[in-house]
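Enquirer: So TrEMBL has the following annotated:
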DOMAIN    7-182  domain '3-hydroxyacyl-CoA dehydrogenase NAD binding'
BINDING   Gly12, Ala13, Gly14, Val15, Met16, Gly17, Asp35, Glu91, Lys96, Ser118, Asn142, Lys273  NAD(+) binding site
SITE      His139  site 'Important for catalytic activity'
DOMAIN    185-281  domain '3-hydroxyacyl-CoA dehydrogenase C-terminal'
Amino acid sequence: MDPAPDTIAIIGAGVMGCGIAAMALGQGSDVLLVDIHDEALTQAPARITKQVRHGRLMEAFPASLSPGRLTTSSSHEDAAGAGAVIEAITEDAARKADVLARVCASLAPGTPLISNTSGIPIAELARSVRRPAEFAGVHFMNPTYLIAMVEVIRGAQTSAATIDAIVALLARLGRKPTVVNDAPGFVTSRLLHPMINEAARMVAAGTADADSVDALMRGCLGHPTGPLRTADLIGIDNLVDALRALAERTGNAGYAPCELLVEKVRRNELGQKTGRGFYDYRKVLS
Ligand code: NAI
């Protein structure tokens, strides 16, 4: 398979991969979606269509979802001819390093290679890529169709030309990029994830229930949904991985996920994606 040079290749067809694909398709780009799990690729078109509908992307760009605009593959190497590659697989540094190494081995020089990690330092992932000057982080927010602001992470070796190319690409996709320097958790996760951890600790200690914590954060502090509803949206498994990574990479054990979050992962109460987290979504899903 040889995608057209203006195709955006997205590796990982989960919550974020499908969200980014919906946004890119909605804005007129062709998309190649790669995942190692057939099930994820089979489910992707329906997930993307749902996001396109939620975000009203179709009304804005009526011709954008014609057949052939979205292709899928289980081979990382198929991303080789794309104009930009966005890695959005599971938040696991070793897996991401492996995927990035495979993809960049066949990528044409000058092609921006992007990771949608929510907190693994770009410098760490850059060790596995052939041209670290052409590699950067772009932390898309969830849901992508709703939140236009994205955090662009400049690694120590990322070139100014790569940042310019990524900022231009994001502008074409209707995003509002803000560029920051590399650090564990960057800016947004470094602030949001510990806040969610604290909120969960308060629920576990009986200080307040989830509804009350969220109501106070919305009503008094202007948070859009409250931290625990946000946890359900992000996926509690993702959150636990991200907090562990933050604790490890900062050397601050206080960032480690609290027992309630870990217990929720054990019970498969991962949030919206499994129908239950801090809140119950099963009625909505059925
Ligand atoms: P997810 O669990 O919904 O999807 C991950 C996808 O990656 C799955 O479909 C899985 O089959 C695929 N995958 C795993 N290993 C792979 C490999 N070696 N090659 C190809 N595909 C592979 O995860 P989600 O939530 O979409 O997160 C993806 C990334 O985006 C993570 O780095 C996460 O931290 C980040 N992120 C997540 C946000 C959220 O709210 N969920 C927000 C912003 C960033």
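The backbone N, Cα and C atoms fix where each Cβ goes, and this holds for glycine too.
In terms of burial and nearby residues, how do these features look in this structure?
Expert: Each residue in the domain '3-hydroxyacyl-CoA dehydrogenase NAD binding' (7-182) has a pLDDT score, and their mean in this model is 91.
Annotation note: Gly12 (NAD(+) binding site) sits in a coil segment as assigned by DSSP.
Less than 8 angstroms from the CB of His139 (site 'Important for catalytic activity') sit Asn116, Thr117, Ser118, Val150, Glu151, Val152, Ile153, Phe186, Thr188, Ser189, each of them six or more residues away in the same chain. In this structure, His139 (site 'Important for catalytic activity') is part of a beta strand by DSSP.
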Enquirer: List the same-chain residues at least 6 positions away in sequence whose Cβ sits under 8 Å from the Cβ of Asn142 (NAD(+) binding site), in sequence order, or say none.
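Expert: Asn142 (NAD(+) binding site) has long-range Cβ partners Val15, Met16, Gly19, Leu233, Ile234.
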Enquirer: Enumerate same-chain residues with a sequence separation of six or more from Lys96 (NAD(+) binding site) and a Cβ-Cβ distance below 8 A; give 'none' if the list is empty.
Expert: Glu87, Ile89, Ser115, Thr117, Ile120, Leu125
Enquirer: Please work out which residue of Gly12, Gly14 has the most C-beta neighbours within 10 angstroms of its C-beta, and give that one of the binding-site residues.
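Expert: Top count of Cβ atoms within 10 Å goes to Gly12.
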